[in-house]
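*Asks:* Just passing along the structure, written as structure tokens.
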Amino acid sequence: MSVELSRLDKRKINNSTPPKRKLSKKFKRLMRVVFFGLIFLLVIGMGFYYGDSLFAGLIGGDKEPDTIVAEDEPDEEKSGSLNKEGPVNVLIIGTDQRKNEPARSDTMILATLFPKDKEARLLSIPRDTKVKVAGHGTTKITHAHAYGGTELAVETVEDFLGVPVDYYIETNFQGFKNIIDILGGVTIDVERRMYKPLEDINLKKGLQTLNGYDALGYVRWRGDAQGDIGRIERQEKFLSALADHAVSINTVWKIPDLLKEIKDNIETDLGTREILYLATKYAKVNSSNLQSQYLPGEPTYEKGVSYWRADDEELEELIERMQMLPSELAKLEAEEAEAERERDSEENSKSEKEDSKSSKNNKNTKR
């Protein structure tokens, strides 16, 4: 599926009726908490590259940060990506690594960043999304990582969405457990009884403090009718609780222990300069600049297998808008809003005329 922005220009030239769908409506969940997850991973990536030197005073390292930065040269092909005017696409992958099994992607988010505008648009991709995986036919998107690792996962997302992936950040959820334990657990209201012994999930309903083991079960569970969408919502809820918890406690002295887990469970092709650049740009971003959406579609069953089938038309339009510069998108939405007001005005005027005509006919009938 290719993204043709010229289609939007043709609408303007032909003065045709703008589409009813709007990014402002589709991107309802302005979730600072989800973007916190991105920043959290970026910070983790920073620790992966030079945490020993950055926090030398805490963990006994002896290298200077400037030395590490000089040694960590970014990929020449990607070095200019963050400075370009257009979008920067970062694929965030959370893998579900189990014993004696290849790692599948348990969580996948495409973050479309506009660093100069400090804006980010996030698209959560359900793990059951039906896609074509090179060399493996049509299957669930989660299998791409199991078949070919990060490289095939990135290639699959690029082919499916029709946009380039500039960078990736990958985390192993098994390290997630230890990180939560180091932070002392996270208090959250579990919506319902969650029991799935084959996946080591056994949670009671109600407000409780989850340790790392139970927290991982909570964010992985998808035993309700909502499936992947329900899990995505729980992950957002958990990230919100984690964010509140992280800023409410003194985490400085826990950094050495956190770094130990971080370096073993995070991989990224972002260089140190790129990570610092993004962290600087988004450190104090306003939530109004953060937009998030699920991949549009619906759950389906084919030969007893559950899939999330994307709505191709809706997805294509959504991707077009996600990749547009903030200024271009704002202009388009303003034009659509004005067109909608004009349509409403015309409909009201037409309705008033019909009411007036009906009233006159009633009077003539009575005479």
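Glycine too: its Cβ is placed from the backbone N, Cα and C atoms.
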*Asks:* From 1-21, 64-84, which range did TrEMBL mark with region 'Disordered'?
*Replies:* 1-21
*Asks:* Can you break down the domain 'Cell envelope-related transcriptional attenuator' (104-246) into helix, strand and coil residue counts using DSSP?
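*Replies:* Residue counts for the domain 'Cell envelope-related transcriptional attenuator' (104-246) by secondary structure: 64 helix, 48 strand, 31 coil.
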